[in-house]
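Q: Let me give you the structure first, and then I'll get to my questions.
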Amino acid sequence: MALVALVGRPNVGKSALFNRITETRRAIVEDTPGVTRDRLYEDTDWNGRTFTLVDTGGIWISDDDDLLSMTRAQTEIALNDADVIVFVVDGQAGPTGGDFDVLEILRRTRKPVILAVNKAESPKITGIEFYEFGLGDPVLVSAVHGEGVGDLLDRIVDSLPPQAATDEEPSGDEIRIALAGRPNVGKSSLLNTLTGEERTLVTPIAGTTRDVVDSVLDIDGQRYVILDTAGLRRPNKISDELEEKTVQRTLDAIRNADIVLLLLAANDQLTAQDQRIAGQIHKARKGCVVLLNKSDLVKGNTVPIQTKAREELKFLDYATIIPISVVTGWHLDMIWPAITQAYQSFTARITTHQLNQLIQDAVHLNPPPTDKGRSLKIYYATQVSTKPPHFVLFVNDPELVHFSYERYLENRLREKWEFRGSPIQLSFRPRSRREFEQ
């Protein structure tokens, strides 16, 4: 699929334009230079032509700031991949030295460049001063109000290379994976290793990944979408509106994922923040694989740290726990099989006959306890959905279901079908025996 890159100096409205074109709110929009640090990708279409749009961090010529130079490197990767470049400038500010710096970089790419003059809400803005760039007629747009965006899309589609007949989507269901963890535990480094490219910034500065970043992989015909998220911070450390937006975007990524890779630091104590993130995964009922990163720094056998993590994450007792080292590559080959197994469990379906046979056997082996002379009667069970597997049991009175007996039934289900890496849900609904005898 053709790739179109939005490029420009910081704070000219690239992210707002990205959101407008893709009709999403994926890119964080803030009047602060440098908010977009990684590349954001989204498929979109116009007049029957589908293409991928990428939002990049602003190009800021400053070798004194490591973060800025790394952001620029991210943008240059997008430029190398792009088929068409949209050079976004600020119509209210007019041409600046930063714009000319970007122009020099774009000229070296020898690729089609469309000049988009953003923030052109006022009729006084004509864009005439941008003709000196030598890029032809500029397109006047307002990302905020949507004016001129259709004209820009027309220019983009006209500039795209011919559509290849081989542009096909990988077969199979799409598996959505979220990388989650507190700041600076190695999520971006892991993503770069899994995808085989420097997809997000890798730096020892906590909090350098602010957007949710999609990486799409096709492995043996299976399509994987990996969401790298900003680390979740404690509420009292969310210092401004931008941080609040970032945390909310991370929580959204967890809710939208099928499987969450929870990254923990094996050489550090499990923190309250780790517990909070794990709690969000449990609350969202997502499949989970726990990765104990930096296990190479732990002396001796890693079994004790796995056991300790299992004890401290009791509500994620279904999760697979793998000690890894992103730096050395140790056990990274175990991640994909664990994801596959978790997804199979997450989407598993059990036949009604098999399910009812197991419930009958479980009740026969261990009858429900009585409560004030009344005992629980289970008449029928069925699976109503997947992601995760949800089983409904029709009983005489749901109030008679003690949590310990519900846990017993869940354990019997897991003994039979395991569901490794996935939660399962049991619901109890009132029915009379007569309804099932008719």
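In case you wondered, yes, glycine gets a Cβ from its N, Cα and C as well.
Straight from TrEMBL, here's the annotation block:
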- 8-15, 55-59, 118-121: GTP 1 binding site (BINDING)
- 181-188, 228-232, 293-296: GTP 2 binding site (BINDING)
- 2-164: domain 'EngA-type G' (DOMAIN)
- 175-347: domain 'EngA-type G' (DOMAIN)
Q: For Ser295 (GTP 2 binding site), name the DSSP secondary structure in the helix/strand/coil scheme.
A: helix
Q: Take the Cβ of Ser295 (GTP 2 binding site) and count every other Cβ within 10 Å, whichever protein chain it belongs to.
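A: Taking all protein chains shown, Ser295 (GTP 2 binding site) has 21 Cβ neighbours within 10 Å.
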Q: Sort the binding-site residues Gly181, Asn184, Lys187, Ser295 by C-alpha distance from Thr56 (GTP 1 binding site) and give me just the closest.
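A: Closest recorded candidate to Thr56 (GTP 1 binding site) by Cα: Lys187.
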Q: List the Cα distance (Å, whole number) between Lys187 (GTP 2 binding site) and Ala120 (GTP 1 binding site).
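A: About 39 Å separates the two Cα atoms.
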Q: Between Ala120 (GTP 1 binding site) and Gly181 (GTP 2 binding site), find the distance joining the two CA atoms and give it rounded to the nearest Å.
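A: If we compare the Cα positions of Ala120 (GTP 1 binding site) and Gly181 (GTP 2 binding site), the gap is 41 Å.
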Q: Select one residue from Asn11, Thr56, Asn184: among these binding-site residues, choose the one with the most other Cβ atoms within 10 Å of its Cβ.
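A: In terms of Cβ crowding, the pick is Thr56.
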Q: Quick one: pull the CA-CA distance for Asn11 (GTP 1 binding site) versus Asn184 (GTP 2 binding site), whole Å only.
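A: That separation, Cα to Cα, works out to 26 Å.
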Q: 10 Å Cβ neighbour count around Lys187 (GTP 2 binding site)?
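A: Excluding its own Cβ, the number within 10 Å is 27.
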Q: What whole-number Å value do you get for the CA-CA distance of Gly8 (GTP 1 binding site) and Gly181 (GTP 2 binding site)?
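A: Gly181 (GTP 2 binding site) has its Cα 31 Å from the Cα of Gly8 (GTP 1 binding site).
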